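Some notes on the structure that comes next.
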Amino acid sequence: MLEQLPYLALKTPPKTTALLKAECADFIVKEHLGYEMSGDGEFVALYVRKTDCNTLFVGEKLAKFAGVSERNMGYAGLKDRRAVTEQWFCLQMPGMETPDFSQFELDGVEILTVTRHNRKIRTGSLEGNYFDILLRGAEESDELKARLDFVANFGFPNYFTEQRFGRDGHNLTQALRWAQGEIKVKDRKKRSFYLSAARSEIFNLVVAARIEKSTINQVLPNDIVQLAGSHSWFKADEKEDLTALQVRLENQDILLTAPLIGEDILAASEIENEIVNQHSAFDPLMKQERMKAARRPLLMKAKGFSWAFEPEGLRLKFYLPAGSYATALVRELVNYTEE
């Protein structure tokens, strides 16, 4: 799926090959919630380091150890399994003593902090993640350095990557079958996965079309643009001066966006409208599930982006806001294979 999408850096696929996640320690993720724990309240908050562990599995084990239902366990986001990741979990335990988590044992899990918090850590309630990635076997070259400079200065396509679509695109296939009435989906989690895959596919196709038409950095009539640093957006319609908006785009005051489709269809640029209309089979599903339309930036620029060539390969360090994928950045640099 992702291999069919165009590249932005140098307009060509990378020549350098590398191994991604050859070892768990090659892919380090540290969650940034954007707020501090209150220190008191009915929730026990745990900052956990996991190595080669599934987020849900660890959360379930923590809940079982504390003697509470899995429904009373919360986390901000799922993290890669084959990695070393640090993230917060919470357990709702009103009027109960904080368990002695020094007695908690699970292979690959280390509890770094135990405190209290006054509200549940909910899915999506994080600002972003810090990444430390080693691309094994990536050798220094002029081509790779040019790609690094490009990504540092101009960013990368904000594609959804393989995690969003399931193994071999299974979630997208099931979403289409569901939309066409071939299957019924009763499981709430599966419904969410399938809807996300459908919305992500359409988003990716719009980004790809903008790259192919060389309009990824050009404000088009009826584009939906987002104010940088916020979730507010407006349409570049006849009331707006496109030349002035282009200057604001180049000054990074605004961002171009593509759709995460929902029940309310919003007309936008011709490129976007054409792709959305081609996938109208999903429209009844979006209305049935009461999905709210949203916008997502076409491009993403990593904060604190740095790199160093080491004996084992290329090390990258950067920060991305929640919802953006490190592998979307990596694919602009190297032709990687995941272990």
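Every residue gets a Cβ built from N, Cα and C, even glycine.
These figures come from a predicted structure and were not determined experimentally.
Taken straight from Swiss-Prot:
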| type | residues | note |
| --- | --- | --- |
| ACT_SITE | D80 | active site, nucleophile |
| DOMAIN | 155-311 | domain 'TRUD' |
Counting across all protein chains, other CB atoms within 10 angstroms of the CB of the residue listed as 'active site, nucleophile' number 20
Mean per-residue pLDDT in the domain 'TRUD' (155-311) works out to 95
